[in-house]
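One structure is given here, and the rest of the page talks about it.
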Amino acid sequence: MDLQVEKINKISGVIKAPASKSYSHRAFIAAALAEGQSILRDPLYSADTIATLEACEQLGALFQRYPDKCIVQGTAGYIRTPENIIDVKNSGTSVRILSSVAAIAPRANYTIFTGDESLRKRPMQDLIDALENLGVQISSSQSNGTPPIIVKGGFEGGQTDIKGDVSSQFISSIIMAAPYSKKPVTLNVKGTFVSKPYVNMTLSVISKFGIDFEYDTTNIPEYSSYYIEPQKYEATDYTIEGDYSSASYILAAAAMLPSNLTVKNLYKDSMQGDKIIIDIIKKMGAEVTVDDDQIHIESDGNLKAFDINLEDAPDLLPTISILMAQAEGVSKITGVEHARFKETDRVHNCAVELENVGVDVEELQDGLIIKGNPTGGYVDSHMDHRMVMAFYVLGLKIGNIIIKDASCYDISFPNFLEVMHTISEE
């Protein structure tokens, strides 16, 4: 569907941030691996997280879905052979983390993961190589390092290395499966470690489900090491916090328009890397008050140019791009070369679509240089949910924006339009 965005005058009200997509993925998987029945409170049911949930069901876990909770009967690590190929649609998190999880199935079993056209271009070779060193038989069906992925049961354990500069999901993947390996697992992360907060989130989740681990960061950023011994996940009652990634669109709208807005369910002590959005909008000129579990923002809509390294928060690239497009002066984003390996090449596509709405932009290998003054135009979403939501927010400020293939926002924020309509004043 094409979505035409109309200009509004103000953002105001009180709204609850949606549940975290990243925490929901990890909680669904941990609960599926646990011994006993877990209760997951306030989970996110979006296209991506449902892909993880349904994949876990195919691997043997039982899920009862309710609007405000999910009750999960875990497998205690006894993974079932799926009756069919597991299609995770567009969810890179699902295919990457569950490829390791599938390896803890009995040795005679095979699991095959596939997805949509975009997912079948996502790089997996670094994870494949790291898992092979742990005794896992895993391959790309096309022998090109991308899905479909074929996994044979059998996770021996031992020691392996992995590069840290492509995707933190590879690291989270091995960490989540490691407790059910036959031998202890030592995972060494080499080189630049991007998106590290996501790994910290993984460690936080598994610890809530009873997993112990050791962590050595003596020589950061050159080297990090994780050590996990064989053990079982324990069922628990777990509440999923709000999502700073999804809330970034709400906060960006409040920063670039006259506003008086409170966003609940965002925690001051959150481990989410995208929490940096608070510091960014402050430095660009918005007034922000952060309480324990909510954020209040007031703005006159006039933003200042700003330079930022988003190495640990690459999902914010589209959001920060449109904020900078509306700021006075020249801004620069660096540190996001790994964003070229997301649902799309987000660095390139942000540059192209900013130019399509009249913004002066220079594409760098690891970022963008942006000079503001957008005029509007036709935007291709590239079937990327974050592109849709970012350019929708820009449209609220300037009007005259039409977004192609806009329905994919349901990948991470199913009620995005409803929320934005609630806080918009014409």
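Quick reminder: no glycine exception, Cβ is built from N, Cα and C everywhere.
Feature annotations, courtesy of Swiss-Prot:
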{"type": "ACT_SITE", "residues": "ASP315", "note": "active site, proton acceptor"}
{"type": "BINDING", "residues": "LYS21, GLY92, ARG122, GLN169, ARG346, ARG386", "note": "phosphoenolpyruvate binding site"}
{"type": "BINDING", "residues": "LYS21, SER22, ARG26, SER167, SER168, GLN169, SER195, ASP315, LYS342", "note": "3-phosphoshikimate binding site"}
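Shown on the structure are the features that Swiss-Prot records.
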residue	record	DSSP class
LYS21	phosphoenolpyruvate binding site	helix
ARG26	3-phosphoshikimate binding site	helix
GLY92	phosphoenolpyruvate binding site	helix
SER168	3-phosphoshikimate binding site	helix
SER195	3-phosphoshikimate binding site	coil
ASP315	active site, proton acceptor	helix
LYS342	3-phosphoshikimate binding site	coil
ARG386	phosphoenolpyruvate binding site	helix
Proximal but sequence-remote residues of the same chain as ARG26 (3-phosphoshikimate binding site) (Cβ under 8 Å, at least 6 apart): ILE97, SER172, MET176, MET201, THR202, VAL205, ILE206
Of the recorded positions listed as SER168, SER195, ASP315, LYS342, the one whose CA lies nearest the CA of ARG386 (phosphoenolpyruvate binding site): ASP315
Largest tally of Cβ atoms lying within 10 Å of a Cβ, found at which of the binding-site residues LYS21, ARG122, LYS342, ARG346, ARG386: ARG386
Nearest recorded site to GLN169 (phosphoenolpyruvate binding site) by CA-CA distance, among recorded positions SER195, ASP315, LYS342: SER195
Entries of LYS21, GLY92, ARG122, ASP315 which, being recorded positions, have CA atoms within 10 angstroms of LYS342 (3-phosphoshikimate binding site): GLY92, ARG122, ASP315
Which same-chain residues, if any, lie at least 6 apart from SER168 (3-phosphoshikimate binding site) yet have Cβ under 8 Å of it: PHE193, VAL194, SER195, LYS196, TYR198, VAL199
For 3-phosphoshikimate, whose listed binding residues are LYS21, SER22, ARG26, SER167, SER168, GLN169, SER195, ASP315, LYS342, the greatest C-alpha pairwise distance in Å: 18
Which same-chain residues, if any, lie at least 6 apart from GLY92 (phosphoenolpyruvate binding site) yet have Cβ under 8 Å of it: LEU119, ARG122, SER167, GLN169, LYS342, GLU343
Proximal but sequence-remote residues of the same chain as ASP315 (active site, proton acceptor) (Cβ under 8 Å, at least 6 apart): SER245, ASP274, ALA339, LYS342, ARG386
